[in-house]
Amino acid sequence: MAVPQLYYFTIRGFGEYIRLLFLDNGIKFEDIRFDYEGNEWQEFKKGMLLGQLPCLKVDGQEIVQTGAIMRHLGRVHGLNGSNEQEATFLDMFFEGVRDVRMKYVRYIYYDEGTREDCVNKTIPEALVKLEELFKAHSGDFIIGNKISYADYILFEELDVYHVLDANILDKFPTLKSFWERMWKRPNLNAYLEKRKADKVWINAIEKGMN
């Protein structure tokens, strides 16, 4: 199998879930990053299926849409649960996390509500539901003690919210413990520490970095 190529921007954004999955599982990949406003991206965009990123190219196939990429990698690398029931639960959890992300996006890019609203109401109200859903399976991860593709989006989004407010996870001990465990994973820790030190932007604008 050829080394997969991941195309995304120089920010964390939606591409970061995919990077984390590759890194944590020791899967070699090319991490190709475009400047959001650069000419290189504008030219590359013209030849793409839907004209958007992230894009994963593997064995001649171009896969776009974040969810499609993550589920593909989940199936290929044994990160999609052990049966249809678990796979469906992961699907549900993944989409639930993305719904929370879109609430955050509306604050970041469209100034919907204040930072205080986002930190004290919008995100916490959603995390209450995710905390309960996480508890449906006992163990360190979403479906027990085996990591899945959905754990990477959950971790990244929790980290994004923690950057926004360092205390935001304190009322959600199960999710906070999960977030702390993920930070300590051997294949992720050095990358995460460097990302933090380099202050890699989460979004296409600086908003959300403090």
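Yeah, the Cβs are placed from backbone N, Cα and C, and that goes for glycine too.
Summarising model confidence by region, the domain 'GST N-terminal' (2-81) averages a pLDDT of 93. Summarising the annotation, Swiss-Prot assigns domain 'GST N-terminal' to 2-81.
The annotation glutathione binding site is assigned in Swiss-Prot to Y8, W41, K45, Q52, L53, Q65, T66 on the grounds of similarity to another entry. Look at L53 (glutathione binding site): DSSP puts it in coil.
Taken from Swiss-Prot, the feature domain 'GST C-terminal' applies to 83-200.
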The domain 'GST C-terminal' (83-200) - residue tally per DSSP class, helix then strand then coil: 87 helix, 2 strand, 29 coil
Structural state of Q65 (glutathione binding site), classified by DSSP into three states: coil
